[in-house]
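Undergrad: Pasting the feature list from TrEMBL:
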{"type": "DISULFID", "residues": "C45-C54", "note": "disulfide bond"}
{"type": "DISULFID", "residues": "C99-C109", "note": "disulfide bond"}
{"type": "DISULFID", "residues": "C136-C146", "note": "disulfide bond"}
{"type": "DISULFID", "residues": "C210-C220", "note": "disulfide bond"}
{"type": "DISULFID", "residues": "C231-C240", "note": "disulfide bond"}
{"type": "DISULFID", "residues": "C247-C257", "note": "disulfide bond"}
{"type": "DISULFID", "residues": "C268-C277", "note": "disulfide bond"}
{"type": "DISULFID", "residues": "C320-C381", "note": "disulfide bond"}
{"type": "DISULFID", "residues": "C351-C361", "note": "disulfide bond"}
{"type": "DISULFID", "residues": "C410-C474", "note": "disulfide bond"}
{"type": "DISULFID", "residues": "C423-C484", "note": "disulfide bond"}
{"type": "DISULFID", "residues": "C454-C464", "note": "disulfide bond"}
{"type": "DOMAIN", "residues": "19-55", "note": "domain 'EGF-like'"}
{"type": "DOMAIN", "residues": "57-93", "note": "domain 'EGF-like'"}
{"type": "DOMAIN", "residues": "95-130", "note": "domain 'EGF-like'"}
{"type": "DOMAIN", "residues": "132-167", "note": "domain 'EGF-like'"}
{"type": "DOMAIN", "residues": "169-204", "note": "domain 'EGF-like'"}
{"type": "DOMAIN", "residues": "206-241", "note": "domain 'EGF-like'"}
{"type": "DOMAIN", "residues": "243-278", "note": "domain 'EGF-like'"}
{"type": "DOMAIN", "residues": "282-382", "note": "domain 'SRCR'"}
{"type": "DOMAIN", "residues": "385-485", "note": "domain 'SRCR'"}
Amino acid sequence: RTAITVELPTTTLMPTTLEPNECDSDPCQNGAACNDGPDMFTCDCAPGYEGTTCNTNTDECGSNPCQNGANCVDAVNEYACTCLAGYDGVHCETNINECASSPCQNGVCNDAVNSYTCTCSAGYEGTLCDTNTNECASSPCQNGVCNDAVNSYTCTCTSGYGGTLCDTNINECASSPCQHGACNDGVNSYTCTCSAGYEGTLCNTNTNECASSPCQHGVCNDGVNSYTCTCSAGYEGTLCNTNTNECASSPCQNGVCNDAVNSYTCTCTSGYGGTLCDTISIRLVNGATSNVGRVEVWHSGAWGTVCDDNWDMNDANVACRQLGYPYATNFYGSATHGAGSGAIHLDSINCAGTEASLGSCPHGGWGVHNCGHGEDSSLKCYPRIRLVNGPLSNEGRVEVYHNGVWGTVCDDSWDINDGHVACRELGYPSAAQVWSSAFYGQGTGAIHLDNTACSGSEASLGACGHNGWGSHNCGHGEDSSVKCNLT
């Protein structure tokens, strides 16, 4: 308590009387103790009060004890500070640490007054650094899927791409997959442009140039972008498509060569025989046409006649067939076609009619005879050509006799020169007209000749140029016909 002395005014002492007690009036307030004195009193004030009578509440806020803008609330013998947000302590002297609760999940907390800020670690964001920054937001992966991580990302590339950002087209050609060609890179793929002669996805297959069977008559040998043909016998040319002309060397000495495949045959001129027509066996001499005349045979290196003793149709048939004609139409004696000269080879011939040659028939022996040339034999053979289906004997479809068979002649290249030869072979002077396309009806059976090419002077159609006996590319709808002049 504070002792307060109150001085009273000086008075003149009067005769002694009883001194009054100034405390009797309870001048001290607020529970203060009163101290009486002569003509005065003092008050011992309770804590928190002041003034003569302790009637004044002491202002503890007068010294501004509250810091940081806090509001001081005075009380009796005390005060209280009402702190601004962000401060605490008796005097609001302490800045509250808002970072104490560690609000920043992935970063550093920076305390402020009544607030805080978070400085996020790399890869995080947000007020509390609680959000993983999406590094994929900018779509960095150009050809792939972005996989977000903390402060990083990875790219899972689409097939065919590589690189950190999937920005590199993988070169599928790097391994040189195309074995025989150029590699063309694509996305997750490649194509091969093959070099000539190769095929397949990887150009690893040698193209089989033989697959189309280019060698027509031979064996194909495949190479790289090429092939060769090993021709079968009788064929030649790059593709073995040419029939080797075995007649090119003119092997038939006295006849027409007929080319075939890897072979040939010779159609001998009358009187010649043998494989190469190099053997003279029988001939007709002094006749008006090739199928008529005096009979002469070849023996011991010389031509000689045949006497007419026993000479008959059987003998004539054998001679005609030996000459290549179908049969004989007549036989003659007494040198009807003139007397020969030189040797007389045969006499007293007695053929049955089936023999292959006069020499095979019974006779008196080579050079044995009892006759002279006045008895020389002759004959007439049915021609190796005939006209069929015409209205008159001098016109019709042309048919020729070969190897014992009648056959037609195709109209390819058939012209008036061919007609002249055919008519003269028949005994007519010349042809008047020729026809094609089976003008006198279609034949049957063999087609003997095609592409005949007569100059007009040949003795027979068989002696003209042609494809070869039996070689043709036609049917009977192309059978040839002719009309011969009678005079």
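Glycine is no exception: its Cβ is also placed from the backbone N, Cα and C atoms.
Automatic, uncurated: that is what TrEMBL annotation is.
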Undergrad: Reduced to three states, what secondary structure does DSSP give C99 (disulfide bond)?
TA: helix
Undergrad: Please compute the mean pLDDT of the model over the domain 'EGF-like' (57-93).
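TA: Overall, the domain 'EGF-like' (57-93) comes to a mean pLDDT of 93.
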Undergrad: Tell me, how many other CB atoms lie within 10 A of the CB of C277 (disulfide bond), whichever protein chain they belong to?
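TA: There are 20 such Cβ atoms around C277 (disulfide bond).
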Undergrad: Return the single residue from the disulfide-bonded residues list (C45, C320, C361) that has the minimum number of other CB atoms within 10 Å.
TA: C361
Undergrad: By CA distance, which of the disulfide-bonded residues (C45, C54, C210, C220, C474) lies nearest to C484 (disulfide bond)?
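TA: Checked the disulfide-bonded residues C45, C54, C210, C220, C474; minimum Cα distance to C484 (disulfide bond) goes to C474.
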Undergrad: Given the disulfide-bonded residues C54, C136, C231, C268, C277, state which is nearest to C381 (disulfide bond) when distance is taken between Cα atoms.
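TA: Nearest by Cα distance to C381 (disulfide bond): C268.
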Undergrad: In sequence order, which residues at least six apart in the same chain have a CB under 8 Å from the CB of C240 (disulfide bond)?
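TA: In sequence order, the residues whose Cβ lies under 8 Å from that of C240 (disulfide bond) (at least 6 apart) are C215, Q216, H217, G218, C229, T230, C231, S232.
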Undergrad: Could you tell me the C-alpha distance between C109 (disulfide bond) and C320 (disulfide bond) in angstrom, no decimals?
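TA: For C109 (disulfide bond) versus C320 (disulfide bond), the Cα atoms are 137 Å apart.
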Undergrad: Anything within 10 Å of C257 (disulfide bond)? Look among the disulfide-bonded residues C210, C220, C474, comparing CA atoms, and list what you find.
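TA: None, since no candidate lies within 10 Å.
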Undergrad: Mind tallying the domain 'EGF-like' (19-55) by DSSP state, helix then strand then coil?
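TA: The counts are 4 helix, 12 strand, 21 coil.
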Undergrad: List the helix, strand and coil residue totals of the domain 'SRCR' (282-382) as derived from DSSP.
TA: 16 helix, 32 strand, 53 coil
Undergrad: How many other Cβ atoms sit within 10 Å of the Cβ of C257 (disulfide bond)?
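TA: Here the count is 20.
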Undergrad: Where DSSP helix means H, G or I and strand means E or B, what are the helix, strand and coil counts for the domain 'EGF-like' (243-278)?
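TA: Counts, helix then strand then coil: 0 helix, 15 strand, 21 coil.
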Undergrad: Sort C484 (disulfide bond) into helix, strand or coil using the DSSP assignment.
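TA: C484 (disulfide bond) sits in a strand per DSSP.
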Undergrad: Could you give me the DSSP helix, strand and coil counts for the domain 'EGF-like' (169-204)?
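TA: Residue counts for the domain 'EGF-like' (169-204) by secondary structure: 0 helix, 13 strand, 23 coil.
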